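Structure record follows, encoded as structure tokens.
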Amino acid sequence: MLGFLKRPVVVTADINLNVVALTAVGLLSRLWHLAYPRAVVFDEVYYGQYISFYMKRIFFLDGSGPPFGHMLLALGGYLGGFDGNFLWNRIGAEYSSNVPVWSLRLLPALTGAFSIPMAYQILLELGFSHCAAMGAALLMLIENALITQSRLMLLESVLIFFNLLAVLSYLKFSNSQKHRPFSLSWWFWLMLTGVACSCAVGVKYMGIFTYLLVLAVASVHAWHLIGDQTLSNVCVLCHLLARAAALLVIPTLMYLLFFYVHLILVYRSGPHDQIMSSAFQASLEGGLARITQGQPLEVAYGSQVTLKNVFGKPVPCWLHSHQSTYPMIYENGRGSSHQQQVTCYPFKDVNNWWIVKDPGRHQLVVNNPPRPVRHGDVVQLVHGMTTRFLNTHDVAAPLSPHSQEVSCYVDYNISMPSQNLWRLDIVNRESDTEVWKTILSEVRLVHVNTSAVLKLSGAHLPDWGFQQLEVVGEKLSRGYHESMVWNVEEHRYGKSQEQKERELELHSPAQMDVSRNLSFMARFLELQWRMLTAKSDDSEHKYSSSPLDWVTLDTSIAYWLHPRTSAQIHLLGNIVIWASASLAMVVYVLLFFWYLLRRRRSICDIPEDSWLRWVLAGALCAGGWAVNYLPFFMMEKTLFLYHYLPALTFQILLLPVVLQHVSDHLCRSQLLRSLFSALVVAWYSCACHVFNTLRPLTYGDKSLSPSELKALRWKDSWDILIRKH
């Protein structure tokens, strides 16, 4: 029974020394002097502030991408013991002693290093030779821009890593499909493909293009499975369900998980709260949550409320009034009602308080028990500090003459009667008897006499309006807009009928023992929408560039300059690799269409297995370049050279593919192959020489004289370097 103990336990393993060597050299190139320079380098000033927010558990919103990449950078800070106390306000600022620079830059460096052996593995899985695979890895190793980007606290190298991991995992899964479908390794690589795709999207939104590329290739392979008559219907169904679960369900769940962890980590109020809804703000610790904690849930007649505009653009603001009136004559000669101004004010103020009044009663206090306000009820809104009624009438608004002026009614004893009745329309109600709820209910206030809706126009009033935002009455016929929707943010039950006592009441905080929680899905949906609709910074930057500049490397970015010496770091690519990769792309496209045209005429220039390998390599490498590059032509945000690096990575993978194809299929004689091999070796030597030449600008560890900088000049992109000296 215990006979197996008589034999030793033996474990055998196949170790690819090429992979080991590439990993070791990659780690050396990315980790060497990683903590240098000990200063904020370019976009580290941007990502660093979010790391500090994580360390302090402060909520933030970054419209550039989902939170997974930020969390990975913050993990490095956490492992290094960073407390978040550093002011990220200036590029070049020296890091204080409490900032673990090496730890913060470690993860991008590791992902940059591991991308090198992955490039090797991808070409092997595509069916190309070890020589071609080593060539691709070597190009990744000596590409100066990839080294620079991966040695800093930035996210491009992390995105490239997950892009390559998704492609590699799918290729390993596809190759397992040919030999051992539904095996343990088959399931592992399929699941890892879905996880890698979701991580790529979670790092930056650009990752979705690689995800869609993998889905497209998987869909073509699945289509071939459906037509495979050697498989039973049940087997085909299992294949399709497995792919759907791994490539659709798992990425969706992973994406939700990123936000779930993010919202758990950043639970405190912070500087980005104001662009979120009142309900979201109330779910955060401190800030609005501290103010609104324990407020009454149901708005009643006599309630004192502040009304926040849900749209929140151009800035979040609250319905507001003050003693000042509209000027009798505007600058353009048009007259007004000269009534009390009603505006939207972007700061919390006692003049933001309004009292919900029953038109049939004089009381401005809440009964006992409170009588709630419901959808469809007609109410009056009384300004708390001036006791004047919210009013609108057929008078043109100050800056929006197509809309009605909104005011607080002043009785001038002229033929302009008060029109101060408003019908409550709860937009997100579940029934027609829905009660108006604090924070949760989104409402429109429809004027009874004119059917105009209370709306934030977004225009800034002139000096007579103190630069506050214009509020107008908009006809319903003009359509629905989010700027017509308001919600109660602060709320208390009014207890004082006398004005003096009520003013004291309005100045005092409200505290009642009622609490509300916002579900994760509600917070996720709102946060996702705010991220997608956040206005990107489209201002010009001295280092910004167009996508056309990237291909020719007609641009660079000065990342860091030593304050005392001339040592500096620049994002500048290896021109030999960039130009050759672009040429390889052109050669691939021309050869592909040439072969395709010839195959239409039943002329097969290469064997069928070589053709299929050629097509798959093009779909993943040329397609990976296209989907990561071409979308930038349709983007209006400020673009930089580093946006091209994910596309460049796929182009680098294509270069050895084209070289091997030319050697195997176009060089027909041994002499031609020998000459071509010699040219390739010379070309690789030239690329290595350029890498070594640009190395001082890649690592920034050497002072450069003006003449040395001039010698490194590539087109006009180096003029700025020369001018600095």
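Cβ from N, Cα, C; glycine included.
Per TrEMBL, the features are:
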type	residues	note
DOMAIN	296-359	domain 'MIR'
DOMAIN	370-427	domain 'MIR'
DOMAIN	431-491	domain 'MIR'
TRANSMEM	15-37	transmembrane segment
TRANSMEM	58-79	transmembrane segment
TRANSMEM	118-142	transmembrane segment
TRANSMEM	154-173	transmembrane segment
TRANSMEM	185-203	transmembrane segment
TRANSMEM	208-226	transmembrane segment
TRANSMEM	246-267	transmembrane segment
TRANSMEM	571-596	transmembrane segment
TRANSMEM	611-632	transmembrane segment
TRANSMEM	639-659	transmembrane segment
TRANSMEM	671-694	transmembrane segment
(request) May I ask you to check whether the transmembrane segment (571-596) and the transmembrane segment (246-267) make contact, with contact taken as at least three Cβ pairs under 8 Å and only pairs 6 or more apart in sequence counted? (result) no
(message) Please compute the mean pLDDT of the model over the domain 'MIR' (370-427).
(response) 87
(message) Using Cβ distances below 8 Å and needing 3 or more such pairs, separated by at least 6 in sequence, tell me whether the transmembrane segment (58-79) contacts the transmembrane segment (185-203).
(response) yes
(request) Counting only CB pairs under 8 A, let me know which of 15-37, 154-173, 185-203, 611-632, 639-659 has the most with the transmembrane segment (118-142). (result) 639-659
(message) Please report, as numbers and ranges, the same-chain residues at least 6 past the borders of the transmembrane segment (246-267) whose CB is under 8 Å from any CB of it.
(response) 53-54, 57-60, 66-68, 70-71, 74, 190-191, 193-195, 197-199, 201-202, 211, 214-215, 218, 284-285, 520, 523-524, 527-528
(request) Count, for each of 185-203, 208-226, 611-632, 639-659, the Cβ pairs lying under 8 Å from the transmembrane segment (154-173), and report the range with the highest count. (result) 185-203
(message) For the transmembrane segment (639-659), give me same-chain residues lying six or more residues beyond its boundaries with a C-beta closer than 8 angstroms to one of its C-beta atoms, as numbers and ranges.
(response) 115, 119, 122-123, 126, 128, 132-133, 135-136, 139-140, 143, 145-146, 149, 154, 156, 159-160, 163-164, 206, 210, 541, 543-547, 549-551, 555-557, 571, 573, 577-578, 580-582, 584-585, 587-588, 591, 614, 617-618, 620-626, 628-629, 632, 680
(message) Using a Cβ cut-off under 8 Å, which residues of the same chain at least 6 positions beyond either end of the transmembrane segment (611-632) come close to it?
(response) 122, 126-128, 163, 167, 171, 206, 209-210, 212-213, 216-217, 547, 550, 585, 588-589, 592, 595, 599, 604, 639, 643-644, 646-651, 653-654, 657, 661
